[in-house]
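What follows is a short report on a single structure.
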Amino acid sequence: MSGDSESFLFPESLVLCELLVPAEVAFECLVALGNLDAPVHIGSDGSRSTPIVVSSISGPSKHCRDLLMTLGSVRSHLTAYGEFIRLHCGSDWRPDESEIDSLAATLKPKMLFDLEASICSLHKDLTELAKLEADMNSEYVRLVHLVNILDCLDNVFWATNSRDATPRSVPAMADKEAAGILLHGGSSTELDTSAESTDRTLPFIVGVVPTSKAHCLRLGVWRRFHLTALYTDIPVRDQRDLRDEPVEPHNVFLIVSLSESQSRTAERLCGMLGAQVFSVPISQEDRRNHLMETKERLSEMRQVFLEGEEHRKRLALNGWTKWRRWFAQLTAMQAVHRALDGFSRGYGKQFYVGEVWCSREAVDSVRQALAVGSSRASGLHATVRLVENSRRRPPTRMPRHELTAAVRDLTYQFGVPAHWEIDPTPFTAVTFPFLFAIMFADWGHGLLLMALALALFLPPGRFLHPDVARSLAPLRPGRHLLLMCAVFAVYCGAVLNDGFGLTGGWRRHSQFSMGNLTYGTFVNQSISQLQLAPKEDGHVMSWVTDSMWGSAANQVKFLNSARMKLSIIFGTLHLGLGLALQLVNDIRAGRTARVWLFSSAKMAFHCLLMGYPVALILRKWLAVLPRDAACAPALLPMLIAMYRLEYTETPCYLATYYSGQRYVEHAIVAGVAASALLAIFGLPIHHALTSRGSSSSKAKAEQKLTAAATDVPGDREEEEIGRGKSDSAMPLTPLSSSSNSGSRGKSLPKLEPEPLDCAHGEKQFDLLEHCLACFEFLLSSLSHSASYLRLWAIGLAHGELTAIMWPMLLMPPTRLADLLAASPTAALLLGGLTLAASFCLWACITVCILVGMEGMTALLHSLRLHWIEFQSKFYSGAGYMFRPFSLKAEVRQAMDSCADFAASGEEFH
């Protein structure tokens, strides 16, 4: 297998390196590793009893997390100045590579404390300014309400004929019906104006209440005071705060009561409803002076706010320039400390012990990076030991291609391929759209789906409306897969000659024997019960479906039978491909016994069990002529008779129709039984025979493994980076949990004998697991093949639902026009309007149900066929992803999120 196909189908080969890093330069060594051009994966597979990567978080990691939370608070303050920041930084700002490289390479451990001081100082300044601005804005809104109250008192609530207009007795209102209400059923009933109350001033309360609660306050005053108080309010609109933003609408209210106790009760009622009560002068002259003073104070506050706004904008712009660097640096430092959390502490907490997966070519780069990182260590240097033939599971690293990215994401939702498994993505990228198209076979619907897929390729800001682009954004990652599905749907619809439920276009009438009836006679006479039969010298099947089948009475009988058999054929081929890939996996993993005694037996069982019916279907299509249609072989009774070993020559459709058929079928039945027995008993017998002679060799191998796990450093071929120090002076042995507990993670456990991994030999044989796997395969052989009948069933449902929409919605308007033929104008007007309405309804149903809902159904069933039927034959999905430790990638991702914020002003993470 070539190198390109190896990297395209199988994960990249990786090696394990054990690191021993001095604690005083551990941060610098990890920074050097993170700046390597060659990707490395830090950590283990997580399958051991005591994993290297632990859930506990060290102090520096928590410190970074807390500072990032503080930066999030700073970001919330900067969001208020997003427009100003975008104006000065530019909406198309993007970080350059030199800045990214500089930020990733200049990380120091003590930088964390400097960042903390700077971040806390900026956060304190912005918080204080935000609090002052909020207090000033609140006071400004309160004064605006006061201005509205004073203005309403003099100009609306009571007349100002006298110089001293005070609410004595009943207030002299300019228009009682318009300015307010007296709360007694809406009537103009007046307050008690007896002689005792004519010479005293009535207490009144004035304030503002939110418009949404004004009715509640009015109702509360009426229920509490009834006829002993007067209530009125006036809505005030278009109020603005210091930032010239609209304020919640309020109503200015006035409550005139008869006693001080009623005033206090009214004040408590206002407090419960969120109304603000203001103290205003009694005298009109004092109110005018107070109004002028309030307006002057508002003008001064606005001037002070505008002067302070410039200072706040400059501080926000300066803080944003620093913020994006701090955010990138903290993100990278948090990644370094999290990587160190996965290392073990040992040798008196003077060293970190960890593991790194990388390609064999990158081992020298790892050594050089550790040498650079540990250059300032006093007498201690980092060491690297290459672990040959490791029993640990390496991570899975596969190349990512844009064309197959969506298919890969769907496949990896099932599971990540193990390092010895073939990646099903290249095969799924072809079979997934094809199986979808069989269930969605309509060239009209395929063109609509293709238009949607092509729209996803357009730049969002240039050709699409922002709202449309935002709604289509979740579909953009899958645009390549959607386009392939649309292309296959158009092809399958063209082959079946089906578009929008109408059969037409491809006409090969010489395929049919119609006697004296011509196509023109058929169309003109509208013969609805036409029974079509293939021509005597032609075959039943053709590469395309003739359009005359759309009007034939035996259309369903013919096309359903053909599509059902095609579903069985495609299912058999798809499952056979999965079993063939299982053979490839076993051969590549070196499992020789499993190849010959299990995988080959399953392949033979499937080929004999399902391959023979497929061969009979193809022979029936290609060899049986229409003149022999009455005695065409019945496949299902023939297969039942084959396995029962019972043959008969009557009726003729059960008779043998090729020479040697009985001998061939006997051989097939024997092969099916033999392959099933080989799959069940082959591996157990092989294990029983080989386990007797390998008992002593297995014990010796375990002793060697135990010795290798506790060997002295001089015998472990470790390599020292530094000044040529001897291996005995710097031991690199596994650390016991009793003596190596540290603050950063758990200790590295001792290597114990484990079952060999699939990539390096045979796993320890489990008889129960093997029996369950055998019976699961034997039972699923027929059920998985029958599951592909969903291709026929869903395709039939989609086609029939499409076919009934056209005559149901678009044919009635034409019939209505025929009924109104006596009046051409009425027929044209009424028929045209009805046809337009029917077409709009048909278009909505087509797009929403037939394309949207039916397309989603076909996608889900195609995904199900791949996850359950296809991938279960060869794919375990037991791997874990290769996650490169790259500080440049961390910094780039952080800076890109900052750039997105500068471009749109939206929140980011």
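A Cβ is built for glycine as well, from the same backbone N, Cα and C atoms used for every other residue.
All TrEMBL annotations are machine predictions without curation.
Within the set 18-39, 788-809, the record from TrEMBL flags 788-809 under the feature transmembrane segment. Contact between the transmembrane segment (566-584) and the transmembrane segment (479-496) is absent: fewer than three CB pairs lie under 8 Å, with pairs separated by 6 or more positions in sequence.
Simply put, out of 434-458, 667-689, 788-809, 788-809 has the most Cβ pairs sitting under 8 Å from the transmembrane segment (829-853). The transmembrane segment (788-809) shares more Cβ pairs under 8 Å with 434-458 than with any other stretch in the list 434-458, 479-496, 667-689.
Tertiary proximity for the transmembrane segment (596-618) is limited to same-chain residues at least six positions away from its ends with a CB under 8 Å from its CB atoms, namely 565, 568-569, 572, 575-576, 579-580, 582-583, 586, 633, 635, 638-639, 665, 668, 671-672, 675-676, 678-679, 682-683, 686, 777-778, 781-782, 785.
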